[in-house]
């Protein structure tokens, strides 16, 4: 029953007060079970059918799918339930207490992106869900801030095929239809230690890595020359050498050297294609020094993403907002949801607030976000 639903600000307050931090470090990582239970109960009160899905390979994490309405197609509204860890020394407020001050709502997850679920629930007060002609789905995922395991698993296992989807990441209500991907690798060279007084008795891993880096930088130049997408501010795939470590003493031949690097591919570039390009670039080193070079993933890769610019979803949202869709360099769950249906990234709050101390969402987004959610539900589920 709608009258059982708390007021908007109380929903928001309860979401922020329920910790759901995702972290690669086990000591910081938290289950999102309590938050999923909170959301599930509210959507059940609104008449939705709710499914809770354990996400394999995680530390007690869950997805939630709330659905209402019959038939094929419909609209999917999606978001992640987790937040990044917080630096207690840099926050001047309690991260888990929603605080309103000077036109801003402060708290961990206010913008990125627990707040989106408060907007959805609040908008549904004015929607007669018994009259939907197409289904409405609400997806809440786990571990977006680390591995994106929730969205990956949902996309791999669901039979759902909505007409379109909107992911409510903070875009300042500017619709995003494309972003780059992200691939990070560790390049490891195994040499052979020895005393520096006799170089011939060892294999210096730093020298081999120097050779490998030359080929990697050549790949970087080739990516810049071969691939182009004018809409991006950096209109080509980027390759960055981010961290290197090797050796332990100036008088010892270095036995091991490790380089961490990333590539941010354009939409349309496949992960297999990128892996092939990297392996081809490093092939001369591997052939010259068999068995000494390995390439391993640092994190699960994220492909680039693009919603067709002429899709009905793009046209409808651009008309409703009076704004053209954009492309961005950061990553979201959109590549995985896009495998189910055309997807836009669009939500309240600024991406500049994501992962920041004293995170906030400006209250000026409340009314237009509520109106937008109501309008897209009416357009895609009532017509």
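Start at 1 and count along the chain as shown; that gives each residue its number.
Using the three backbone atoms N, Cα and C, a Cβ is placed for every residue, glycine included.
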Zn(2+) 1 binding, same site as 80, 169 - Swiss-Prot member from 41, 45, 112: 112
Candidate sharing the Zn(2+) 2 site with 112, 145 (per Swiss-Prot), from 299, 311, 355: 355
Residue 144 (active site) and residue 112 (Zn(2+) 1 binding site), distance between Cα atoms, whole Å: 11
Rounded Cα-Cα span from residue 145 (Zn(2+) 2 binding site) to residue 82 (active site), Å: 7
Least buried by Cβ count (within 10 Å) of the recorded positions 82, 144, 169: 144
Under 8 Å by Cβ from residue 80 (Zn(2+) 1 binding site), counting only residues of that chain that are 6 or more apart: 113, 140, 141, 142, 143, 144, 145, 150, 151, 333
112, 145 as binding-site residues, winner by CB count within 10 A: 112
Residue 80 (Zn(2+) 1 binding site) - helix vs strand vs coil (DSSP): strand
